[in-house]
Amino acid sequence: MARLAAFDMDGTLLMPDHHLGRETIATLARLRERDITLTFATGRHVLEMRHILGTLSLDAYLITGNGTRIHSLEGDVLHRQDLDPQVADTVMHHAWDTRASMHVFNDNGWFTGQEIPALLQAHVYSGFRYQVINIKSIPAHQVTKICFCGDHDDLIRLRIQLNEAMEERAHLCFSAVDCLEVLPLGCNKGSALAVLSNHLGLSLADCMAFGDAMNDREMLGSVGRGLIMGNAMPQLIAALPHLAVIGHCGNQAVSHFLTHWLDNPHLPYSPE
């Protein structure tokens with residue numbers, strides 16, 4: 001029996017309309033009744049996740065910013081990792097050959113250089129939003145991560161540019177088809193979950209995790225039981241071919257799987 005359950009949010013726990021379904025909320029409560037510790041492992045900001053958590057009346061640890069921060073049940077920082085200031089400075093100030101928009105994150109929020117209302121749709125549940133600012137004015141020593149949002153093919157070309165400029169001083173990953181993230185070197189959900197597991201006196205073998213994108217790869221590949229969403233990026237399924245694929249987030253597949261796991265732990269699972 002797993003003792004710690006880690007959940008990605010977008011494309012996993014959240015439905016396509018970016019809300020949590022009733023069945024999902026009820027199933028999370030059942031896990032807590034079984035004394036299974038919960039953690040939400042997401043690229044979203046802790047300020048947003050605290051608001052979401054407050055609406056659920058659930059105790060959960062928070063792994064946010066794709067592993068750049070870990071917060072306790074009481075809201076205390078258990079772990080923090082920022083981008084190398086030189087890396088942040090280079091990314092923010094260089095004239096990259098891309099049409100993608102740049103987004104900078106630190107403990108104070110989400111910052112971008114122009115209004116992009118379409119990006120707010122993913123945050124309708126919480127009301128969290130960006131602040132429009134001159135990105136070059138942000139102190140480089142306070143940056144947790146930087147994201148680029150745009151066309152996937154354009155982002156693939158941008159990743160080549162970033163890799164050449166970073167010289168392995170940062171971790172690059174796709175948190176969605178249209179979002180490329182620049183993270184601190186060695187920082188990902190898997191490494192953060194290892195820190196949290198150790199803090200709780202557990203091993204990664206005691207954990208189960210759910211995800212759908214390449215920023216979930218390390219987490220899913222390192223736990224005792226990793227589950228991939230049916231709507232996952234094809235690259236993730238190809239990277240972890242030994243892991244089970246469950247149903248679609250639109251059908252609350254995490255809840256469907258966990259209900260079966262709680263009620264019939266010894267029977268094989270089918271997403272149908």
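Yeah, the Cβs are placed from backbone N, Cα and C, and that goes for glycine too.
Feature list (source: Swiss-Prot):
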- Asp8: active site, nucleophile (ACT_SITE)
- Asp8, Asp10, Asp212: Mg(2+) binding site (BINDING)
TODO: Check Asp8 (active site, nucleophile) against DSSP and tell me helix, strand or coil, would you?
DONE: coil
Task: Cα distance (Å, whole number) from Asp212 (Mg(2+) binding site) to Asp8 (active site, nucleophile) - done: 8
TODO: Report the member of Asp8, Asp10, Asp212 (the recorded positions) whose C-beta atom has the most other C-beta atoms within 10 angstroms.
DONE: Asp8
Task: Residues within 8 Å of the Asp8, Asp10, Asp212 Cβ centre (excluding the Mg(2+) site residues themselves) - done: Met9, Gly11, Thr12, Leu13, Leu14, Thr42, Gly211, Ala213, Asp216, Met229, Cys249
